[in-house]
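Per TrEMBL, the features are as follows:
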type	residues	note
TRANSMEM	A:86-105	transmembrane segment
TRANSMEM	A:112-129	transmembrane segment
TRANSMEM	A:135-158	transmembrane segment
TRANSMEM	A:170-196	transmembrane segment
TRANSMEM	A:231-252	transmembrane segment
TRANSMEM	A:273-296	transmembrane segment
TRANSMEM	A:316-341	transmembrane segment
Amino acid sequence: MDRLARALVTAAARRWPADLADIMRAEWLAELAAIPGRGGKLAFAASLAVSPAVDEPSWSSRVAILGRDAVVAGGVTLVAATATNIARGSAALAPVLLIVAALALGVAGRRIRASVLLLAGAVFAFLLAGNPVPVMPFMGAADIAPAVLTWAAGMLLVRKCARSLRGAIGGGLVTLGLATIAGSVHAAAVLGVPAWSAPAWFPLALLPGGTVSFGPRFSSVGGPAFHASDILLANAAVMAGPLLLCTAFLLAGAIRVERPAEAVQPRHTAGRGWLGSDAGQIAVGVAAAIAALAVAPRLPTGGDPDTTLQRLLDNSTAFGFGFVEHPVGLGLVALLAALLAMRAADARRTIA
Amino acid sequence: MGEPRITASVLKVLAGLLAEPGAQRYGLELMQSSGLPSGTLYPILARLERAGWVESRWEEIDPVAEGRPSRRYYRLTPDGVVAARREVALMQQQMSRAAGPVPRAHPAARAQGA
């Protein structure tokens, strides 16, 4: 027990600033020696182990930051998903619209910080909830998880190592290629798609369906004939589109010119008009929620597998918003829209 | 050296140190007097020391002879005494204003109580 208490205070001291870490460790070990009873020692050490160090944000601040970052991650995911659907629905223009959407998200990413892990979690949850398995045959957790994990690991690495725009773009594209392969290995094995084609899966997934076909050919009675690559690339497109846009968002934020640490400035809210007031923010949030409730049910939900097959084969359907058919899913989308709109209004007020 | 942010926990620590302004107090003693856990107390002491309100020294003992390591003790600096008194007084003022005037007991109730 004493050893555990000593280990806890040692671990706690490591989180303190370098000029204080050794001093605090020595002090706490001395206090531990003076505390009678193992329970007292353990309580002393455990409190230090779970509490923020002197310059760390408090737990309440951390929870607030986490909530704010989660809202950003959810919002970026929904925007990326919607933009990808619009792009893919335009058939031949899909690659161009995807690039335009990536540039737009890149611009947004330069202004808004986002967490790679939270964004990965949001994309995973969205892909899992938005794509009914009958429509997307290889879009279960076993397919999505390797793709999203590979993408998250790659993004963390690129954000840490990339020093230039060129390096970030290169690292991002390599990550997207690897993530697409990781998410399509299962499909390739089942469909008999040759492994040598793997490096081409990501770029081909961004093109309209039928541009290139390979692998075994399937035909069904009364249904369209298709190649294995049609199904594999349609599945890959489901992940590749939103991951491409999220990559643009994250990397644009990572390579922006670092400014000095932002000092907390007092808010100047006087004279900002009605929209800058608390009541104005609430009204903005309510309006955004109502707009989300009106728009979300019109987004593609995946639909009936029979009618979707042709669109799946020509790669003009990206993925569904199946979860908005459920009241809870629709409510979450409306809540997210409201929180994002209120935050945007608040940011305008703070900047002003 | 900026002014530390004054919270209820900081006031508890300042009040504990003000009880005997010249006295040197170990962290454990301050935990007992303030009722704060170690994880709350030590970051406060570090911030107060950075602000120049508190100073710390190591106990001058021979750890081998004593059979225990030296402990670190804290006390208010002269500036810290002034600042702590000011903050505690300010808080008392705010509390008494929030509580309002103490209502006078009704004469009948006083007679009954007597």
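From the backbone N, Cα and C atoms, a Cβ is placed for every residue, glycine too.
Counting Cβ pairs under 8 Å to the transmembrane segment (A:135-158), the top-ranked stretch among A:86-105, A:112-129, A:170-196 is A:170-196. Of the Cβ pairs linking the transmembrane segment (A:86-105) with the transmembrane segment (A:231-252) and spaced 6 or more residues apart, 3 or more are under 8 Å, so the two regions touch. Beyond its flanks by at least six residues, the transmembrane segment (A:231-252) meets 76-77, 79-81, 83-84, 87-88, 98, 101-103, 105-110, 114, 116, 119, 123, 126-127, 131, 136-139, 143-144, 147-148, 151, 155, 158-159, 162, 168-169, 171-172, 175-176, 179-180, 183-184, 187-188, 191, 193, 201-202, 204-206, 209, 215, 312-313, 315, 317-319 of its own chain at Cβ-Cβ distances under 8 Å.
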